[in-house]
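Asker: Okay, handing you the structure first.
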Amino acid sequence: SNCVPATTPAPSPTSIGGSAPLTWGFSAGRGSLSYIYQKRWVKLDADYLRYFDSEKDTYSKGLIPVSSISRVSSIGDQKFEVVTNNRNFVFRAENDADRNQWIRTLQQIAEERKSKAPERTSMSFATDSATEPADKSGFLELRGFKHKLFVVVVGDKVFLYKNAEDYRLGIGITYIEMNVGNVKEVDRRGFDLTTPYRIFSFSADTEQEKEEWVEAMQQSIAEALSNSEVAERIWAAESNRFCADCGSPKPDWASINLCVVICKRCAGEHRGLGPGITKVRSLKMDRKVWTEELIEALCAAVTTSDLAETQALLFCGASVTCDTGDPQCPTPLALAERSGQRLQMEFLLHNKTSEPPRLEMVCSEEKHYSVHLPSITHNGFLYKTPSMVKPITERKGPEEFSRRWCTLQDGVLSYYENDRNTVPNGEIRVEEIVCLVNNPLHAHGFESTFEVYTEADRLYLFGLESPDSAREWLKSIAKSFVHPCAEELVALDFERLGRLHYKGGLTLERAQEGWFALVGSTLHVCSEDGRRQEPLQLRKLQELSIQGDHEVLVLVERRRTLYIQGERKLDFLGWVHAIQKAAGSAGDTLSEQQLTESDVPLLVDRCIDYITQCGLTSEGIYRKSGQNSKTTSLLEVLQRDARRVCLKEGEHQVDDVANTLKRFFRDLGDGLFTRRWAPDWLWATALEDEEAKIGKYRQLLAALPPVNRATLKALINHLFRVQCFSGENQMNTHNLAIVFGPTLFQTDGKDYKAGRVVEDLISHYVEIFNVNDQEMKKQQDEITAIMKMREASSSGTQQAGDFICTVYLEEKKTETEQHVKIPATMTAEELTFEILDRRKIVMKEKDYWSCFEVNEREEAERPLHYSEKVLPILHCLGTDSYLVVKKQMSMENMLIYLASRVGDCKHGMMKFREERNLLGLGLSTGFHDRYFILNHSWLRLYKEVRSHKPEKEWPVRNLKVYLGVKKKLRPPTCWGFTVFYENEKHEKQQWYLCCDTQADLREWFATFLQVQNGGALWPSERPKMRVARPQQDARLGNISLIPLRGNESEMRNSVAAFATDPLTLLRNV
């Protein structure tokens, strides 16, 4: 900013003049009026000339846009005049020198603005106002002002004007930068905009209007706080500093398939063309879409000849999916990939679904786009609410809907005041629709309602009195916006239908667009190439979670994992809630529960597993009652989402879990045997011939629904196992039948036939359920293993806390694996000796054998310090990690470096990249040069060598440093680290560092190891004989007691459980 001094060399207030009756402001004409001057502090920057009461004030008393200044001239007596399009302002400085400096500065800035201002196009404002299009404008009361002010929300600022006329002229009071603002609702009509310098207390006319203002200001704050890194990098190219359409400076939007940057105003025009022509994204807020390749494409579009040629061909009508004639690379995209043309690939990917331009013969020789629109038509009256930008959380009453005549024609859904009007109140282009939702009956004030979501993150709610009419509208809209490759999804009785970006299968390198339909608890998926995938049974998911700052929904089945990306916030939140609800238990029948892969309710499976591990020998199991309150609480948690519940010994009592299982079966809506077939099961007990009775049981078993049949088999299998330990638990077949008969048949216990059915099922378990020899042998092995472990535990030969883990020698192969018992005190050095001794490998003097933790997913490894305890590492190992013993080739060089250096501090430049999204779906920030200092306590990051204050710092003790960086990140060098950080709140971060040379890598890594382990990297003297440890129990063979499948939490839980009770072995026999 420029502040001209009035009378002294130091900046001081300047004088401002106005017309006679005003204390500040302007004159409408020169005339002969005398002027009254008041002291004001005046600031001039590139955009505004502002005046303040004093130099300490943050918010001005008035502002004049520099773009509106047409002339600046001297009028004598230290005065000068600023002439705008509509008003004249007279200023007086302390002396002629100050006045002349003001005039020169104002003239220079005004001329610069004029020279950069392009000629106005048809897409420019019709007025001469230089202001941006407003996001929200209108009158509000502001505490401290007698009259209402005209308030305008524009981008990341809020402007205050005296009236609408001043807004049109651009003459304002002040503006508020929203990067320091916070909005808070105060009462029914009032809200506060709080900044560190002042609180602005506004009041709207109605409660609805207040909510709209609050929402507009919150969006302005979000834009102000958005990441400008992408915008700055793209603006670095001179051609990207102005809007490609109208020439406005600093355009913060872009068409990612046309590779041009545009201003906010022109972005609205582009949206009107539809995503088939131009895909509009924000440079500041749509962080997930801006990959390194896309940023480079925008920066290099005008300088890279091959990319420019591709753009020219595509815009002339060439097809992205045309046949190349090469069977190995059938499309241009495949050719670009084979040739390593990353920018070409990115450009072709973003134009894969673009509408090709059609060249038509018209009067002039101009070429126009002709978009192929669907031919679906439909019309009728609908009830409609105003569009929304937030999810619907409350029921909408009939009074909130308005009756509108709606038509679906030529790819546009239009709504009119009535069926006689020709001008619509509004319209929705079908190509902008991203999701269609069929709400449950009576969800709102009308019997049937449906929701329409658009790319602009807006939600439209429609209602009808007739469900049949609603279905017709839904089918018509679905057919008009769903791509032909997914038209079979339209025929489904869907609850939610739309398009989302996802990763899955073998295409994890990049996200692809797919069509999704939710029908009950089944999610149907159709990929962008038209292939319909096997539907996901949501109640059978092994994992359902949200990762990456609520941007990715992860669905894990037994055979595949799907990552659904939240490209748009509004419809993604709807999908998340709908999928979470569909994946949970929906009622009190077996088929409505969360299920395992084998169709057994997850609740039943969890309880049976826990009792198998911890309660088979518990005296009176299932006969003793647990605490009623704990049983009720546990049952509620399991029924809400059994997938998230992990039953642990110590936290849950065996009798409470057993009681929970019994209560679940007693409270089942239709019972385990079903009301239809339960009488037949009871009647079968009267048959005297055993073979006839078993045959009848098998016949009735086949008649049960699949889920009931699978659940009954799992339960009887469990009870068969329980009675095998009747010598310890006192629960033989008869006693179990007495307990479970009335429970499963939901009787009062007086009918002995219920118990007889259960007793028969346990006694004839093998015959009735067709258990083959292999299944029976597995069950007998499990029982034998439990008995052996019990004997070992009672005799004291099994050491508490010992685990058997698979460790590899030199590389991960079946022939190199060793199963080692890991006591709680074993160190990495002792484990290394154990493996080498088994293979009879003699360690030579310069052989630096070490134990490594290898993380396959991150493509990185970490040599364990020789004194590091192995057992805690096993607790944290994921399914994609393992231990391997091999030579540490760089150890000698690291020891030489540490012996020769002075001090324990290391500093220098490294290339840094922060992982903001663990699934790789978010913004790729790339690698940037940063200056690092590592001492015995902290690792500090500085933007550059000259920086005094670190951008980030981390305590060294909380860092885990791995050698290697995964290739998909395209590291700039092959000498890199992957670093994990976890603070005291268990919040995790991950980032990557790359060095310029291998020597740098060794030096940094040696310093990390030294400061984290108290100085010693290698034992000064290797023991000639290692400490003798108890020999491995031969009875255990090579069984791994740590599960090699399942997710990370399951592995940790298994390890922790086994530390307390050796029965955990049973799960892996």
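The backbone N, Cα and C atoms fix where each Cβ goes, and this holds for glycine too.
A TrEMBL annotation is a machine prediction, not a hand-curated record.
Sharing the features that TrEMBL gives for it:
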- 37-111: domain 'PH' (DOMAIN)
- 133-222: domain 'PH' (DOMAIN)
- 228-298: domain 'Arf-GAP' (DOMAIN)
- 375-482: domain 'PH' (DOMAIN)
- 493-584: domain 'PH' (DOMAIN)
- 588-769: domain 'Rho-GAP' (DOMAIN)
- 801-890: domain 'Ras-associating' (DOMAIN)
- 903-1013: domain 'PH' (DOMAIN)
Asker: Need a quick answer: max count of Cβ pairs under 8 Å to the domain 'PH' (903-1013), which of 133-222, 493-584, 801-890 is it?
Answerer: 801-890
Asker: Taking every residue in the domain 'Rho-GAP' (588-769), what is their average pLDDT?
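Answerer: Value for the domain 'Rho-GAP' (588-769), mean pLDDT as a whole number: 91.
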Asker: Using DSSP, break the domain 'PH' (903-1013) down into helix, strand and coil residues and give each count.
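Answerer: So the counts come to 21 helix, 44 strand, 46 coil.
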Asker: Where DSSP helix means H, G or I and strand means E or B, what are the helix, strand and coil counts for the domain 'PH' (133-222)?
Answerer: 25 helix, 37 strand, 28 coil
Asker: How many helix, strand and coil residues does the domain 'PH' (375-482) contain under DSSP?
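Answerer: The domain 'PH' (375-482) comes out at 21 helix, 44 strand, 43 coil.
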